[in-house]
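So that you can see what the record holds, here are the features copied from Swiss-Prot:
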BINDING   25, 26, 85, 296, 365, 372, 373  N(1)-(5-phospho-beta-D-ribosyl)glycinamide binding site
BINDING   118, 159, 164, 165, 166, 167, 168, 169, 199, 200, 201, 202, 207  ATP binding site
BINDING   277, 289  Mg(2+) binding site
DOMAIN    123-318  domain 'ATP-grasp'
């Protein structure tokens, strides 16, 4: 993977350039992290005035699943790195772009291709690497889905093979739920007539995100892996509501989690931050999913770590030293839109920021939806329980008005 010997000057002929595909709140923080290291950032999304558009040097609106549009933009910008920040991309074209040497895809084009589809990454994890996972089957029709659900037993979890932020995901408790679960999965899929994955329900104690950083060890000049402290999180309808760091784990469970994370990220290759999602039951750890990029539950690291997951991503991509030190226990809580309206206003910021050791990040999205993530409150404290209380209180104080 390419390592720049020097960082150029933005907006000049020698600029070091990154092209970010996906300009939401995570892309915005990644943009800022690269800019602080002197990198010229080109932010791309499917709609105008996305959060990263508002801070990048240049912004573009294209259909990122359109191979020709992606190639044309790459040819125009000539980026050193392409940084995917979402899954819905023309990943086959990214593979060709990488093979032709037009740009380095982060962490690799293959990783981006595999992780956009739950089938690809699950087969890699379970069937090739032998990582512990829940029982699962993939289905193309309602009839296959019904049969798989009966074989796997109830309750089970159904998800489209391609979706994000919990869209189309549901728990099936009996045969009576099958039809509605199938219809919901189809409605939440990125493309029509998509396959689904049916998973046995894992009786777990908790779930974590283990942010795993692949970078260059400055002592040896060789690739190395670092682990941030585990992040606990609470999900609602498949989307994260709050997260906290560190999540208390037994020593054997943490060792197992790091082993699983190292194996899956080594298989994907490249450099950068990976969000490895795991279920934990006692000392046992089960692989769930992996994102080859900063993770939404990792927004808590804006408050808890010496360098946030976004800063770690930028440094690792550029081949610079990384530091995963935790500086304080902390938590994050999501601020939802609550309304369906463009150009919303926010109230309650003074009350939110009056909460001890708390900050608020509003993402600047041009349009609100009832369940759209519009901001986040992040808090620190002597312990995660207090931090969670503070973040939840602050998030509740912020109200969104159409």
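Placed from the backbone N, Cα and C atoms, the Cβ positions cover glycine too.
Shown on the structure are the features that Swiss-Prot records.
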residue: 26; record: N(1)-(5-phospho-beta-D-ribosyl)glycinamide binding site; Cβ within 10 Å: 26
residue: 85; record: N(1)-(5-phospho-beta-D-ribosyl)glycinamide binding site; Cβ within 10 Å: 26
residue: 164; record: ATP binding site; Cβ within 10 Å: 18
residue: 201; record: ATP binding site; Cβ within 10 Å: 16
residue: 207; record: ATP binding site; Cβ within 10 Å: 19
residue: 277; record: Mg(2+) binding site; Cβ within 10 Å: 20
residue: 289; record: Mg(2+) binding site; Cβ within 10 Å: 18
residue: 296; record: N(1)-(5-phospho-beta-D-ribosyl)glycinamide binding site; Cβ within 10 Å: 22
residue: 372; record: N(1)-(5-phospho-beta-D-ribosyl)glycinamide binding site; Cβ within 10 Å: 18
residue: 373; record: N(1)-(5-phospho-beta-D-ribosyl)glycinamide binding site; Cβ within 10 Å: 21
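Classification of residue 289 (Mg(2+) binding site) by DSSP places it within a strand. Separating the Cα atoms of residue 365 (N(1)-(5-phospho-beta-D-ribosyl)glycinamide binding site) and residue 164 (ATP binding site) is a whole-number distance of 18 Å. Spacing of residue 199 (ATP binding site) relative to residue 26 (N(1)-(5-phospho-beta-D-ribosyl)glycinamide binding site) is 28 Å (Cα to Cα, whole number). Less than 8 angstroms from the CB of residue 168 (ATP binding site) sit 159, 160, 184, 185, 186, 187, 188, 189, each of them six or more residues away in the same chain. Sequence-distant neighbours of residue 25 (N(1)-(5-phospho-beta-D-ribosyl)glycinamide binding site) (same chain, 6+ apart, CB under 8 A from its CB) are 51, 299, 361, 363, 365, 373, 376. In the three-state DSSP classification, residue 25 (N(1)-(5-phospho-beta-D-ribosyl)glycinamide binding site) falls within a helix. Under the three-state DSSP scheme, residue 166 (ATP binding site) falls in the coil class. When other Cβ atoms within 10 Å of the Cβ of residue 365 (N(1)-(5-phospho-beta-D-ribosyl)glycinamide binding site) are tallied across all protein chains shown, the result is 22.
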